[in-house]
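> Structure provided below as structure tokens; questions to follow.
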């Protein structure tokens with residue numbers, strides 16, 4: 001092993017791996033999309049279908065990225081160059097790094113909104129404001145002005161300071177603190193939400209199984225959410241996989257990460273929808289739910305000031321654990337391929353992404369282009385090519401060795417190979433065709 005590989009930073013514990021990987025997977029979509037999808041698509045019926053796809057598709061694809069990362073001990077581009085030298089496969093790595101770059105450019109803008117809302121909530125700005133006044137605040141906070149740019153830059157600076165410190169001292173340490181805090185905050189919010197009169201309607205919306213709502217689009221929604229929710233296709237999990245010790249079980253890490261992501265999304269639903277129904281508001285999804293509707297709900301709540309502040313802190317932490325992993329994909333590429341020092345790589349990456357972020361903040365067309373190109377094309381294509389590579393190119397022996405537990409092939413190895421060769425590519429192809437509008441039910 002080379003001197004460089006000896007010096008490679010690694011996660012210090014299983015908890016560190018899962019905290020970082022789950023932090024990457026848990027994003028703002030878990031808060032404003034997943035609970036609504038669940039309620040609108042048959043409650044517990046949708047949850048059951050979604051969980052099936054998480055285990056049947058999400059975990060194998062995540063495992064594939066972990067295998068690529070740990071086997072190669074390299075960034076997402078370097079991994080394919082190392083594992084398939086002289087071939088065209090490194091194009092997957094380029095797509096992944098490009099996807100992380102583009103996603104962070106627009107996601108940092110949305111993340112910046114959470115900071116502005118923390119400041120506004122802490123200053124009691126929303127007290128006694130009408131829903132129209134809150135909507136005006138939202139339009140200004142997210143509109144084409146200096147404000148979204150300022151808060152986007154602040155958010156990127158926080159992200160960069162954590163990534164600059166390295167894996168153990170930066171990413172792992174931050175995620176080990178933030179992830180437990182995330183769950184504590186959401187449990188406090190659930191306690192308040194469930195205590196409201198009329199909260200039971202929200203529970204019914206979320207959990208009452210309604211199989212009459214299960215149709216083709218439900219299956220597609222569950223499949224797409226299982227793929228997009230887990231940070232797959234852009235090399236984040238492969239990058240984190242490259243920091244996992246050989247003695248750690250990749251299977252356990254993938255399952256714990258996927259279940260933590262799902263569990264958190266369900267908990268958020270418990271925090272949000274009982275409150276929405278208690279105040280007689282129509283359930284909805286998207287940024288408007290958390291940035292327009294919820295400030296008004298907190299106004300009507302006993303202790304609303306406290307709950308508003310911790311709610312927006314919850315949003316900011318959720319965003320931050322994702323922006324950390326996105327920036328790390330780009331930084332590791334700069335460190336290993338362009339031979340930059342980590343500090344320089346971090347600020348160059350953060351600076352160039354922030355420049356694109358400014359464009360996203362002032363031009364909604366650029367924002368939309370980055371969003372649709374990364375989500376509809378780069379991520380599904382990256383995920384599809386990744387599983388084909390692991391299933392057909394990497395070889396059974398390499399995969400078996402990476403999935404060894406206590407010196408023996410993992411019990412799921414025999415299932416993993418056919419899933420990754422046949423089922424996963426088919427499922428991701430369906431996600432891809434649906435995302436570009438070629439497949440509808």
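Backbone N, Cα and C define each Cβ position, glycine as well.
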> Of 119-143, 219-243, which span is tagged transmembrane segment by TrEMBL?
219-243
> Restricting to CB pairs under 8 Å, which listed stretch, 255-281, 347-370, 411-433, is in contact most with the transmembrane segment (89-110)?
347-370
> Cβ under 8 Å to the transmembrane segment (12-32), counting only same-chain residues 6 or more beyond its ends: which ones?
62, 107, 110-111, 168, 171-172, 175-176, 178-179, 182, 228-231, 236-237, 240, 243-244, 248, 252-253, 256-258, 260-261, 264-265, 268, 272, 285-287, 289-290, 314-315, 318-319, 321-322, 324-326
> Counting a contact as 3 or more Cβ pairs under 8 Å, with residues at least 6 apart in sequence, do the transmembrane segment (44-68) and the transmembrane segment (219-243) touch?
yes
> Which listed stretch (179-199, 347-370, 411-433) has the most C-beta pairs under 8 A with the transmembrane segment (305-335)?
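The stretch with the most close Cβ contacts to the transmembrane segment (305-335) is 179-199.
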> Counting Cβ pairs under 8 Å that are 6 or more apart in sequence, does the total for the transmembrane segment (149-167) and the transmembrane segment (347-370) reach three or more?
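Contact criterion met.
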> Are there 3 or more C-beta pairs under 8 Å linking the transmembrane segment (411-433) with the transmembrane segment (179-199), counting only pairs at least 6 apart in sequence?
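With fewer than 3 qualifying Cβ pairs, these stretches do not touch.
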